[in-house]
Amino acid sequence: MAEPVLVVGLGNPGPQYATTRHNIGFMVADVLADRMGETFKVHKKSGAEVTTGRLAGRPVVLAKPRVYMNESGRQVGPLAKFYSIAPTDVVIIHDELDIDFGRIRLKAGGGVAGHNGLRSVGSALSTNDFQRVRVGIGRPPGQKSGASFVLEPFNSRERPELGTIIEQAADATELLIELGIEPAQNTVHAWS
């Protein structure tokens, strides 16, 4: 039987953040839960919203932390431990300033590029050797700080494309689970 995968969409809890750029990981996780035919419930040991099922033929634990982005590791670490999932079988879905809006990139290991949610996860897992589905949100215009940009809703130019991008990020996540990092990168990175 295939080993389980922990897939975590990063974001901030609360309705005031639901449509912000930083919450694209939550948006993708919601699509994946729909594809699995499952709903999220609070996991007592970790405090995260969790559902279990199968994606791409593998058992999956799908989660959305219920703490602020910068503290995500507080719930991801206990989930990985509870389900006995190795860091290399953890997939984090997150927003990425350094990638143009709408582009999706897959990565395994490496630095966190100033993303405090990833830093928190790496600290909790004692390694950065987890996999990532990086959903491009682009850089802020002008002199606007990245910190304020990620907490803003998608603008009127971006919103019409958002549904397609979220579906593609969910597709990319399933390919990563099914094929592994390099074959999935070859496919996903050719999309744009």
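Glycine is treated like the rest: Cβ placed from N, Cα and C.
According to Swiss-Prot, the protein has these features:
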ACT_SITE  His22  active site, proton acceptor
BINDING   Tyr17, Tyr68, Asn70, Asn116  tRNA binding site
SITE      Asn12  site 'Discriminates between blocked and unblocked aminoacyl-tRNA'
SITE      Asp95  site 'Stabilizes the basic form of H active site to accept a proton'
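Distribution of Swiss-Prot features across the structure.
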residue	record	CB count, 10 Å
Asn12	site 'Discriminates between blocked and unblocked aminoacyl-tRNA'	23
Tyr17	tRNA binding site	18
His22	active site, proton acceptor	22
Tyr68	tRNA binding site	17
Asn70	tRNA binding site	14
Asp95	site 'Stabilizes the basic form of H active site to accept a proton'	24
Asn116	tRNA binding site	15
TRNA binding residues Tyr17, Tyr68, Asn70, Asn116: largest Cα-Cα distance, in Å and rounded to whole number: 17
When distances run from the Cα of Asn12 (site 'Discriminates between blocked and unblocked aminoacyl-tRNA') to each of the recorded positions His22, Tyr68, Asn70, the nearest one: Tyr68
Integer Cα-Cα distance in angstrom, Asp95 (site 'Stabilizes the basic form of H active site to accept a proton') to the residue listed as 'active site, proton acceptor': 6
Cα-to-Cα gap, Asn116 (tRNA binding site) vs His22 (active site, proton acceptor), nearest whole Å: 11
Integer Å distance between the CA atoms belonging to the residue listed as 'active site, proton acceptor' and Asn70 (tRNA binding site): 11
Between His22 (active site, proton acceptor) and Tyr68 (tRNA binding site), the C-alpha gap once rounded to whole angstrom: 10
Output field, tRNA shell: CB within 8 Å of site CB centroid, site Tyr17, Tyr68, Asn70, Asn116 dropped: Asn12, His22, Val67, Met69, Glu71, Ser72, Gly117
